[in-house]
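Presented below is the structure to which this report refers.
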Amino acid sequence: MSVNETTLCQHITIAVLPPTCLSPACSKSLTAIEHEEDVFTDNEESEIPKERSKKTSWKKQLSNLKFFIYFFMWLGCCYLLMSSKEKVHQLHQLSIQKGLTTEYIINGEPQDGRIRIYIGGAILPKYYANLSTHWINVYIQMIETINCPRNEPAIKPSNVKNIENVTEVWRIPSVTKDLIGIVPEVSQTKVFTLNTTILRETPHHFLQICLNTNLGENLPISLGYNSEPIDTDAGVIYAAFVLLGLYVVIIFELLHRTVAAMFACILSLAILAAFNAKPSIEEIVSWIGIDTLMLLFSMMILVTIISETGIFDFMAVQTYKMTGGKIWPLVNTLCVITVLLACFLDNVTTALLITPVTIRLSEVMKLNPVPVLICMIMFSNIGGSITPIGDPPNVIIGSNPDVLKSGVTFMSFTLHMGLGSLLCFIVTNFFLKYYYRDVKSFRHAEPAEIYELKGKIAVWKRTTASVSSYSRDETLVKEKMKQRTAKLVGRLRNTMNNVSTTEEEFCSNLEDLTKQYPIKDVWLLVKSGGTMLLVIGVLFLQSIPSLNTLGMAWTALLGALLVILLYDKDDVVGIFTRIEWSTLLYFAALFILMEALSRLGLIDSIGKQTQIIISSVGPEYRLTVAIILILWVSGIASAFVDNLPLTTMMIKIVKNLSSESELNLPFQPLIWALSFGACLGGNGSLFGSSSNIICAGVAEQHGYRFSFTEFFKVGVPVLIATLSVTTVYLIICHVVLQWNF
């Protein structure tokens, strides 16, 4: 943009300085603003727009209606959250005696005939059930008494009239007695449905939880219960409406996506409160993926400081030189670089690195960055599917103990996924070339001067809004910024009235661009670039199981801390103002939302329906049906819900399917289907992948806003095409050729 970058940075820095530090900076910045204002002519000042005309009556009514809907929904959430107490499930420490049945009396009567039991201790996950010969049996008994009040501390044998089991037996696999006290505690839960007919016909009774084991040793456990579990049948419906409402609000831009996610998050918590399952604040905080937020925050700092050196502008000019100023060679080059980076870095880091370069390059070539970024996102998700460290779902799959025990290594994972991803790359490339066959699609719909002025106005408005009115100096700066914004609007109106509608030719002088975008700070580039290479090198080492390295989040955080220490400039506070706080808040809200929807039963419902369908077909078609269902269900679901909890849930389903002797399904083909679906599903919508959200946030900071529908129009065909190609690939490899190793 033509606005002096140094002056603009001064404005942004002022917006975040505390009152005690404002006066010198304000004086300097105000001088710069007043000097820049002299550039405007009296004619432009006269063009400052006056207050716009009032909206039409129907628009006012629609706006008022929207306000009242939000307000009453907010009131409803407040009422539900205030009228419900936090549900705290107390765990009781018991010991199941050798050769005996341990009993625990339940206080209160289940209201709807259901009770959820929590068991924790030296037990195995259910998908290890076929590997254990030791069990814990859990069931519920009804004790019929003779006029025995419930407040009695103990039941006398003389008052017991009848004892009857009212539930089936829940069998939990346990470890061997040698491993008690060594293995970490594992917990499992189950909802028991009681025989309500017997309970109603028995006026005086108690319920007790019975536990016994064949371990041949005393087994300490943690026991908890909830006599009012969530009705998941109704919960799934509410969860689906919340998720659908969130996407409607985002698609039609009724609210900013961060505000919409926060609202949906609070609404889902209110629904949990209505089901008498209101979580505590500590529990809600535990739902947030701190590792993910720490990784994003740290990489944002690294990229922000590196951008101060001008390296992204320099790389953009060099890429422009390599491609000869041609659009498709440019797009292809960016996409290949994106795929290579996404293979070995997670695609979130790839998006943070490549998005600024793409935006700078598009501005140099006078292109609209949005369609170029859409192409880049598509290939980022495809590239992330190739290796077990390229995409968060692959990290979950590749580090799963069952997957590792099945013989999956880094190389075998890359080989199986790489061949299919190559086909997806080719198909996606052909589709995008067809979709954007008219090169005008990459250009701005308006003349470059108008689009630049609009972007400039958006940046100034956002900067003005970030300045508080805490002190007199800040108020003065804010007023100056408002005047500058108004003058820019006046210039925009004048330009729109006088500029011709013909588009400028896409052509620039390479020598001028090279002079305009040099490396600004070589020493800072060496320090920050070296730190980035160090971080990337350590991230590469994550794929070596024998090395005891830090996690990705800690590695990135330590790298961010080092680059801040090496920054050696006074305006460090300004670096933190350029962090995508709204994006981080959006991620935090999504983590809470998805866990709440999971507790309402939405994600489990998807998995159970998948398992039922696979079990219903003939043995000769089960592998084909299993591959298709797992691929398409995970792919479509990942386009609309967070693929991390979905992958965590689906991998359990895959293990259960492969463990069923009746189904006789090999494990690895189902794993590849899940990995392809979870990764490629990110192309289905703007919020289907973490990298999509990061890219959209960075672009918005540069004044380029993504449209959900614009991305959706491209993403859905790409999703369908890549899933179709992957379906054929998996069936040929694993059903026809039986490449199941």
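Cβ coordinates come from backbone N, Cα and C, glycine included.
Per TrEMBL, the features are:
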DOMAIN    247-677  domain 'Citrate transporter-like'
TRANSMEM  65-82  transmembrane segment
TRANSMEM  235-252  transmembrane segment
TRANSMEM  258-277  transmembrane segment
TRANSMEM  284-307  transmembrane segment
TRANSMEM  327-355  transmembrane segment
TRANSMEM  367-390  transmembrane segment
TRANSMEM  410-432  transmembrane segment
TRANSMEM  522-541  transmembrane segment
TRANSMEM  547-567  transmembrane segment
TRANSMEM  579-601  transmembrane segment
TRANSMEM  621-641  transmembrane segment
TRANSMEM  714-737  transmembrane segment
Contact ranking winner - 410-432, 579-601, 714-737 against the transmembrane segment (284-307), Cβ under 8 Å: 579-601
For the transmembrane segment (547-567), distant same-chain residues with Cβ under 8 A (at least six beyond the ends): 290-292, 294-295, 297-299, 301-302, 305, 346, 349, 524, 527-528, 531-532, 534-535, 538-539, 541, 575
Segment proximity, the transmembrane segment (65-82) to the transmembrane segment (367-390), 3 or more C-beta pairs under 8 Å: no
Tertiary contacts of the transmembrane segment (235-252), as residues 6+ beyond its ends and Cβ separation under 8 Å: 260-261, 263-264, 267-268, 271, 275, 593, 596-597, 599-602, 605, 640-641, 685, 687, 708-709, 712
